Amino acid sequence: MKVLQEINLTYSILVIADFSSIFGCLLVLIAFKKLKLLRNHITRVIACFCVSSLLKDIISTGLTLSLGPQNEAGSTSFQCYLYAITITYGSLACWLWTLCLAFSIYNLIVKREPEPEKYEKFYHGVCWTIPLICVIVMLAKKTIEPVGNWCWISEKYVGYRFGLFYGPFFAIWIISAVLVGLTSRYTYSVIRNSVSDNKDKHMTYQFKLINYIIVFLLCWVFAIVNRILNGLGYYPTLPNILHTYFSVSHGFFASVTFIYNNPLMWRYWGSKIFLIFAKFGYFVELQRRLDRNKNNNNPSPILNSYAATVYHSSTIESLSLQHNNDISNDNQQQQQQQQTPQQPQQQFQQQQSPTVIEMQNLKQDQNIENNEQNENCYNTIDTNIEINTNKLNDNSFEITQPSNDLNTIENNNNYNNNNNNNNNNSLVIEKEKDEREKKDNKF
């Protein structure tokens with residue numbers, strides 16, 4: 001009787017997890033379809049994950065309902081083979097798309113890849129081919145049998161379970177964790193050295209970088225623990241229930257994470273949900289505000305974009321520091337000039353020839369003009385950053401190319417240095433001429 005109750009409980013949890021995963025993936029895919037602002041490289045990777053999870057969950061749900069709690073499928077039936085193929089192929093594909101997501105984010109932020117779309121064909125080749133190889137090996141070795149509420153690799157083939165399924169899981173998760181760790185380390189270094197005061201929001205952004213990989217681990221860690229216990233001959237109830245629910249509902253929790261990371265998406269669905277209450281007079285203002293801002297590219301200190309955030313944070317930081325250093329240097333020069341006695345300067349200017357004085361005045365005019373050009377470049381950079389910020393989507397994950405104004409400032413500085421060197425050489429030549437003329441006059 002206790003075993004029958006456990007089977008029925010596990011079956012109910014399995015059905016709930018299947019439907020919740022289907023629901024979550026549909027929410028993400030519908031939002032991507034409706035919101036054109038979300039269509040970019042990263043969202044295409046997420047969409048492929050959701051498609052893989054959705055197809056897996058639809059097929060497995062149909063098989064679960066048709067076989068019933070007792071799993072009446074025979075070990076050689078078509079339904080049993082289809083169930084095992086669906087679980088193995090669909091789960092591996094979802095894991096690999098998660099790895100591709102981690103690599104894409106790392107590639108955009110740390111490596112600043114200008115054309116991440118060129119990797120999409122490689123992603124498709126890996127994510128659809130590797131699961132197929134594992135399925136072919138599983139079928140060739142005839143390892144499939146009814147296992148609890150579904151069909152999968154028999155308990156007699158523990159080596160195949162870990163070699164074809166949980167072994168790739170460990171490899172995929174470790175590589176994804178390393179990529180996310182490198183990305184988080186890079187962004188943290190930018191945030192720590194940033195001049196921005198919104199560090200709390202920056203830490204929220206930092207959490208958004210790693211939450212999907214945490215969900216990935218939590219959803220499958222119970223499955224690994226349960227299978228290790230099964231391999232040792234133990235079949236506890238609680239690990240089996242946790243394994244059933246979290247592994248099957250991975251698509252749901254991943255979809256919730258994607259929606260949480262993207263304000264455009266939760267505004268869109270929030271406006272749809274509160275529209276029902278607004279018809280009865282509840283949450284009217286909230287629904288209007290969400291509907292009004294669902295397509296709004298709200299600029300924020302973190303820009304709500306993985307790649308654009310890091311680029312603009314580092315750019316603003318470097319420009320601010322450079323600009324502050326220039327201002328401090330100018331202030332120091334002005335203070336030194338004010339502290340210097342004026343009478344010796346006037347006497348020195350009277351002793352100098354008119355040509356030398358004109359050259360000094362020309363040098364000062366050129367320095368003023370060059371400073372104005374640099375100031376205009378800084379203003380242009382600030383304007384371009386503001387324009388690019390307004391064009392970004394919330395969590396659109398698009399990267400913006402660096403502005404050419406940085407090169408302009410560098411060229412202006414090089415030009416200033418060359419002019420200063422030429423002016424100094426001219427002053428030395430003029431001084432030598434004056435000294436020679438004075439010596440000639442003495443003789």
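Glycine is no exception: its Cβ is also placed from the backbone N, Cα and C atoms.
Topology note: I7 and N240 share a membrane side (same topological domain name in Swiss-Prot). Within the set N8, N424, Swiss-Prot records N-linked glycosylation site at N8. Residue counts for the topological domain 'Extracellular' (230-263) under DSSP, helix first, then strand, then coil, are 27 helix, 0 strand, 7 coil. Close to N8 (N-linked glycosylation site) in the fold, though at least 6 residues off in sequence, lie P69, each with a CB less than 8 Å from its CB. Only pairs six or more apart in sequence are counted, and the transmembrane segment (12-32) with the transmembrane segment (90-110) gives fewer than three Cβ pairs under 8 Å, not enough to call it a contact. Taking pairs at least six residues apart, the transmembrane segment (162-182) and the transmembrane segment (90-110) share three or more Cβ pairs below 8 Å and count as touching.
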